[in-house]
């Protein structure tokens, strides 16, 4: 079986072209850092004036990352060694920086604060499938042009799940469930990595891994309606005339059946709860008065995967005005 390992410092090497190697240094993960090239056994930072957006696109592709998100001099500090004495002239379609043309620099000096730093977006190479949410399901990893099932040893499953939830922006791990044995990728993580790409992996037969993350439910919506025309849009949000009835409706996307909505009123202990019918609930207020002025929010609760989950809407700020 083939084992592939990744560390925070990435180097790609070739003997056919100068510079000989490329790395990203002092970044927050595998897809960010100060751009440095190696030539004649020494590392050199690259000046921002010699490195543009097309060069950045090639580097991000070379490291298996997404598109460039930030390109700035001094973004990840200054290098301790020399400055690279060439200007890169990539077209943006090359697969390696070493495939790009170079030219002599017009100016041999690079002012402090201009060592180029690059942040690439994280690749969309991990997903959870079959769980009704982007934050729940079987773990799959896109590699070598196809999606692979991900598995882990019993003692490693919680650490792998923590990395998956973190990478997807899905909060923390709620539960981990092993599935059927299948041919896929076995992953070894410490639990502190920012993405699975920083973990070791091996291609072999392992039980597939199902992960449930805390941010399972999408954020519900909240909106105000009235049948008598008593509401209008004010500078600070909706305004309601006294004496008119109005309805606050809570709704959510159809992820899972059932659940309930809790309507909260900021600054008060007043709450109302209704079951979710067709993924929504309507709260009727018969006559608006000053006591109804304030901030409202909808909290959607549901019991799925043997756990309670909740998600809260944005605030709706309601002002009660004259007749």
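Start at 1 and count along the chain as shown; that gives each residue its number.
Every residue, even glycine, has its Cβ placed from backbone N, Cα and C.
Straight from TrEMBL, the features:
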{"type": "DOMAIN", "residues": "22-121", "note": "domain 'SRCR'"}
{"type": "DISULFID", "residues": "90-100", "note": "disulfide bond"}
{"type": "DOMAIN", "residues": "126-214", "note": "domain 'SRCR'"}
{"type": "DISULFID", "residues": "189-199", "note": "disulfide bond"}
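Sequence features, as recorded in TrEMBL, placed on the structure.
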residue : record         : CB count, 10 Å
90      : disulfide bond : 21
100     : disulfide bond : 18
189     : disulfide bond : 22
199     : disulfide bond : 22
Note = Rounded to a whole number of Å, the separation of the Cα atoms of residue 90 (disulfide bond) and residue 189 (disulfide bond) comes to 35
Residue 100 (disulfide bond) versus residue 189 (disulfide bond) - Cα distance in angstrom = 35
Ask   = So what's the average pLDDT for the domain 'SRCR' (126-214)?
value = 89
Request  = Please report how many Å separate the Cα atom of residue 100 (disulfide bond) from that of residue 199 (disulfide bond), as a whole number.
outcome  = 30
